[in-house]
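S.K.: To start, I am sharing the structure in question, which I have written as structure tokens.
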Amino acid sequence: MSQTVNGSTENGINVTNLVTSPETVVKTGTFKVKAGLAQMAKGGIIMDVTTPEEAVIAEEAGACAVMALERVPADIRRDGGVARMTDPKKIRGIIKAVTIPVMAKSRIGHFAEAQILESLGVDMIDESEVLTPADEVNHIDKHPFKVPFVCGARDLGEALRRIAEGAAMIRTKGEAGTGDVSEAVKHARTINKQIQIAKSLDAIEIYNYAKELRVPVDLLKKTAELGRLPVVNFAAGGLATPADVSLLMQLGVDGVFVGSGIFKSSNPPKRARAMAQAVTHYKEPAILADLSEDLGDAMFGVPVKKQGAVPSGAPDQQKIWNATLGDPSQWVKNNA
Amino acid sequence: MTGTQMINIGVLEVQGAFLEHKISLVRAARELNDVIVNVTEIRNPSHITDDLHGIIIPGGESTAISLFLKRNEMEEPLRSWVKGNGHVTWGTCAGMILLAKETEHQKNGGQVSLMCMDTIVSRNYFGRQINSFEADLTITDSDLISKPGCISDLFHGVFIRAPAILKTTSDDVKVLATLQRGDNSTVIVAAKQGNQLCTSFHPELTEDTRWHRYFIQMVLKSSNSINI
């Protein structure tokens, strides 16, 4: 049973009558295969889960993958401390519980955690800013891994640098664990805008823009030519409702991650199901209205603008009054 | 000589590589050169109409797709469309699973199937993502390799957590491509039964449009395409 192979097309040579052994030559871990998993996730929703039970709820809701975590970002945010890779036992349990792809997070730059996650058989690794970075300067060199990586980005420069390092998928960073979608929107819009700029530049200008963004010029040229990122791009960070999903999908992302938004809400199975459907029905406000009905409380959330501010709301209120009507007490007095 | 023909192809846009399929279809139609292909999206039951001549069920996660079909009451309309006279359907990856009458390794509690092809399919047959691969496949249907511009009787297949056909349960199922395994066994990775086509790999992720041309030609042969 000999057969012919279409040899090394990479070199532009098509050798059509090489005889090989009966076994087909199989190449694993190629970039095509790694990016392919991300392509299969398009139009889908990836949910953060912390137990096998939650993973089953996510699968049953229609998630196209789950992210196995020790704690959801909202809890990481609340607890503080150093956030690390999830306990392998927990990841194994989640892998066992569901048939959909299972992803897990490693710290930025922590290639040893990534190696461990790869050995566990996770389907994708998220080199994530949600965990405490392990390397202030370098990200993981993602090329040698057989498992694909997804990385966060706030702008086109970050996105293309991560792709140059071997990321097979990009997601907006957003502001995980807040329930506030504004940062994810900002990042998605920034990337869109910068791609529009790149598209409008001539051959010389694009060299300068690549320098400004600190990215390889070839990758920037490819992006301008495609009019989009050269890998799958998801939204993440702060999505909590079907409407949030629709908003980001209409801004042009390929799919969404939902972290704390589901399991920090009052009715996770129902919300998970509604948000999963919203990814496909994102263009249909009437269907989204039905999906958004009676979901219970969304996660409480912390508006990004309020973070780090004085706990009391007073100073902020003061600012708003000053900007519009002057000092509120003054205003009250004058009308008395 | 029939002149230029026009066909309507619906792509199930629930989840997965539907955009890639649309691009490949348009390219394939251009190469065939006497056919115009209108590609439309299928996202709710009202999109499944008799105006369609062909439907593609793309890959993605079969669980996510089957749950969506069930919750949007699309399962029955899609099943009866697929079984309808002259209707041509192609399932890639998850689509192969949905078309099969029997599936192994389903999620707990089972999942929706359209119950159309006499095949027994094993989900994630080749393993997890780490085992996803690219390989050159032996194509066993001369229609796929005799086309002009075809330089090889092999097809470069991209397999992502792919299923495979363990067994066919009817002689009507024609094997189109196989993959040889290390233990000298052979598994079926593409098959056809009447107007239904399935591949466990992803031709839409490659530049090679032979499978999309093959599908368009199946549509032209079997349906009442519009002569213009």
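Positions of Cβ are set from backbone N, Cα and C atoms, glycine also.
Grabbed the feature section from TrEMBL, which reads as follows:
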ACT_SITE  B:Cys93  active site, nucleophile
ACT_SITE  B:His202  active site, charge relay system
ACT_SITE  B:Glu204  active site, charge relay system
BINDING   B:Gly60, B:Glu61, B:Ser62, B:Arg123, B:Ile160, B:Arg161  L-glutamine binding site
S.K.: Can you name the active-site residues among B:Cys93, B:His202, B:Glu204 whose CA is within 10 A of the CA of B:Arg123 (L-glutamine binding site)?
M.R.: B:Cys93
S.K.: Between B:Ser62 (L-glutamine binding site) and the residue listed as 'active site, nucleophile', what C-alpha distance do you get in Å?
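M.R.: Cα to Cα, B:Ser62 (L-glutamine binding site) and the residue listed as 'active site, nucleophile' are separated by 8 Å.
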S.K.: State the Cα to Cα distance, in Å, between B:His202 (active site, charge relay system) and B:Ile160 (L-glutamine binding site), rounded to an integer.
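M.R.: Cα of B:His202 (active site, charge relay system) to Cα of B:Ile160 (L-glutamine binding site) measures 8 Å after rounding.
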S.K.: Please give me the recorded positions out of B:Gly60, B:Glu61, B:Ile160, B:Arg161, B:Glu204 that lie within 10 Å of the residue listed as 'active site, nucleophile', comparing Cα atoms only.
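M.R.: Passing the 10 Å Cα cut: B:Gly60, B:Glu61, B:Ile160, B:Arg161.
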S.K.: Write out which of the listed recorded positions, namely B:Gly60, B:Ser62, B:Glu204, lie with a C-beta under 8 A from a C-beta of chain A, sequence order kept, or 'none'.
M.R.: B:Gly60
S.K.: For the L-glutamine site as recorded (B:Gly60, B:Glu61, B:Ser62, B:Arg123, B:Ile160, B:Arg161), determine the largest distance between any two Cα atoms, in Å, rounded to the nearest integer.
M.R.: 12
S.K.: Are there any residues in the same chain, six or more apart in sequence, whose C-beta is under 8 angstroms from the C-beta of B:Arg161 (L-glutamine binding site), and if so which?
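M.R.: Once residues fewer than 6 apart are set aside, B:Arg161 (L-glutamine binding site) is near B:Asn124, B:Phe126, B:Gly127, B:Arg128, B:Gln129, B:Ser132.
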S.K.: Would you mind checking how many other C-beta atoms are within 10 angstroms of the C-beta on B:Arg123 (L-glutamine binding site)?
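M.R.: If we count other Cβ atoms within 10 Å of B:Arg123 (L-glutamine binding site), we arrive at 22.
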S.K.: DSSP three-state call for B:Ser62 (L-glutamine binding site): helix, strand or coil?
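M.R.: In three-state terms, B:Ser62 (L-glutamine binding site) counts as helix.
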S.K.: Around B:Ile160 (L-glutamine binding site), which residues of its chain at least 6 apart sit with Cβ under 8 Å of its Cβ?
M.R.: B:Gly59, B:Cys93, B:Gln129, B:Ser132, B:His202
S.K.: Give the helix, strand or coil assignment DSSP yields for B:Arg123 (L-glutamine binding site).
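M.R.: Coil, per DSSP.
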S.K.: Taking the Cβ of B:His202 (active site, charge relay system) as the centre, how many other Cβ atoms fall within a 10 Å radius?
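M.R.: Excluding its own Cβ, B:His202 (active site, charge relay system) sees 27 Cβ atoms within 10 Å.
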S.K.: Sorry to bug you, but what's the C-alpha spacing from B:Glu204 (active site, charge relay system) to B:Gly60 (L-glutamine binding site), rounded to the closest Å?
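M.R.: It is 12 Å, counting Cα to Cα.
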